[in-house]
Amino acid sequence: MMHSRDLQKLEGVLSPSHLEEMEFAHTLRQSKVNIKICQYSNELLMQYLRKSKCTIILGIVNEHINFQVSPGQPISISDDPDAVTLIGSSQDAANQINKKEIRWGLLEDSIEERLEKTGGFLSDSEKTEGETKEGDMDENKKRSIDGGKQGASIKKSKKDKAASATTKIARPEANTVSAAPRVKPELPLPVISFRPAEVEQSILEDLRNRVQLSSVTLPSVSFYTFINTHNGLNCSSISHDGSLVAGGFSDSSLKVWDMAKLGHQAGNSILQGENDAAPSEQGQSTNSGKRSYTLFQGHSGPVHSATFSPLGDFILSSSADTTVRLWSTKLNANLVCYKGHNYPVWDVQFSPVGQYFASASHDRTARIWSMDRIQPLRIMAGHLSDVDCLQWHANCNYIATGSSDKTVRLWDVQSGECVRIFIGHRSMILSLAMSPDGRYMASADEDGTIMMWDLSSGRCISPLIGHNSCVWSLAFSCEGSLLASGSADCTVKLWDVTTSTKAPRTEESKSGNTNRLRLLKTLPTKSTPVYTLRFSRRNLLFAAGALAKSQ
């Protein structure tokens with residue numbers, strides 16, 4: 001039922017004093033509700049109110065409800081995200097804020113741009129001539145550089161073969177990422193000249209062999225399943241190349257698995273959180289009795305979020321103990337403890353270039369940090385409830401935050417100012433994703449609804465209806481043509497982004513249909529809610545979740 005949570009809040013109002021104390025009731029009394037209704041339904045309602053002489057209800061309608069009457073027959077309100085919205089002071093403020101200009105382009109001098117300038121992307125003729133030979137060479141190079149990362153070597157070879165086989169067909173398609181405008185960074189970016197040559201070479205190889213996905217070329221999926229977690233797994237994270245998988249647990253521990261080592265030991269992608277027959281700190285064991293994961297201890301409360309740096313050499317974790325901790329995956333040690341929030345920290349995310357990161361908390365704020373400073377650089381305040389999730393824009397100049405107040409806000413990292421408010425969700429926001437070209441944003445809520453937003457206008461392009469439970473993770477493919485969503489309903493869904501964003505809204509509105517993304521495929525797990533999703537640089541989709549006991 002729509003707005004069921006709001007009605008549950010109002011059930012607790014038993015006296016006038018309750019109304020004075022409840023912030024939500026204040027908002028309702030000071031604002032008007034905007035309701036879309038067809039002409040036929042509006043006439044029936046007004047006739048009934050006049051005939052029954054319901055003057056009190058008519059007064060309430062005139063004071064607190066604004067009907068937007070449209071011609072035509074009634075349609076389901078689930079097809080329209082703006083069917084019932086709150087207007088008044090809050091909506092007026094949102095409209096005023098959404099008039100501000102934002103620059104959604106990509107950063108100048110990115111590694112993709114440099115690769116294009118130097119002719120790094122192969123032409124179709126070059127690829128056709130040397131496809132087989134290059135596929136074998138790339139496979140050998142990656143083995144020597146990464147030392148068997150991305151899990152077992154069988155998975156690696158499959159990925160490379162898929163890349164070389166499909167690239168020939170898919171390359172001629174336009175690359176929306178390269179067509180995006182270029183902007184300058186507002187925050188000073190770290191110098192990347194120290195990046196090891198073999199690391200940059202590995203990134204370039206991945207970009208050259210990237211599979212161009214589309215509605216007819218869907219990604220391969222590598223799913224990591226946590227078992228024996230005893231409901232103790234709160235979050236999971238996967239490094240950019242899929243070689244490391246992290247899990248945050250209720251016992252305040254953070255555990256990181258190296259998939260290359262796990263592949264040699266077990267030959268599969270099953271991760272054990274805790275072993276039934278061993279102490280709680282003992283995970284899946286080898287014959288020598290050693291743990292198959294690296295245990296990071298330091299938090300004094302449940303770990304709610306974890307994120308890897310772009311190169312995988314650092315990992316951040318946030319906890320109910322109000323802190324964020326920085327760990328080194330090379331030294332296997334805690335480097336810094338960041339204190340600033342006053343309540344549990346629900347989410348933490350590295351920026352696309354590293355160095356900076358952002359945190360979201362129960363204290364209704366999001367904060368921007370630099371790895372080399374223990375105090376936050378910016379504090380973004382404005383949400384009316386918990387900030388549950390956040391996501392960096394591709395150009396690092398903006399941060400999006402999702403809240404329990406059912407709104408998403410976009411913030412300028414330089415000024416800390418809110419530049420967009422996205423209104424339309426009917427429950428708390430649980431996950432966000434930015435398109436690679438920086439033009440669009442996807443948000444998902446507790447009810448399973450996903451919305452696609454245009455950052456320039458602040459309007460919803462498409463509601464995505466399909467999940468029947470919380471959507472915990474969203475991820476765009478590298479060229480931005482597909483959106484993947486992972487849910488508590490134990491499915492991964494793939495959505496076609498390009499067909500929806502190209503469709504003109506005028507034609508849609510004339511026909512009376514809403515502009516929806518096309519669901520391409522649903523990938524069910526056996527009994528595993530999907531905690532996290534990530535596309536690798538080669539467009540392989542990684543996913544992770546904890547096996548749930550069947551009822």
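Heads up, the Cβ atoms here are built off N, Cα and C, so glycines get one too.
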TrEMBL annotation (region 'Disordered') - matching range among 63-85, 270-292: 270-292
Long-range environment of the repeat 'WD' (380-421) - Cβ separation under 8 angstroms, sequence gap at least 6: 23, 93-94, 97-98, 100, 102-107, 183, 185-187, 189, 346-347, 349-353, 356, 358-362, 364-368, 427-438, 441, 443, 445, 453, 455, 458
Integer average pLDDT (0 to 100) for the repeat 'WD' (380-421): 92
The repeat 'WD' (338-379) - residue tally per DSSP class, helix then strand then coil: 0 helix, 22 strand, 20 coil
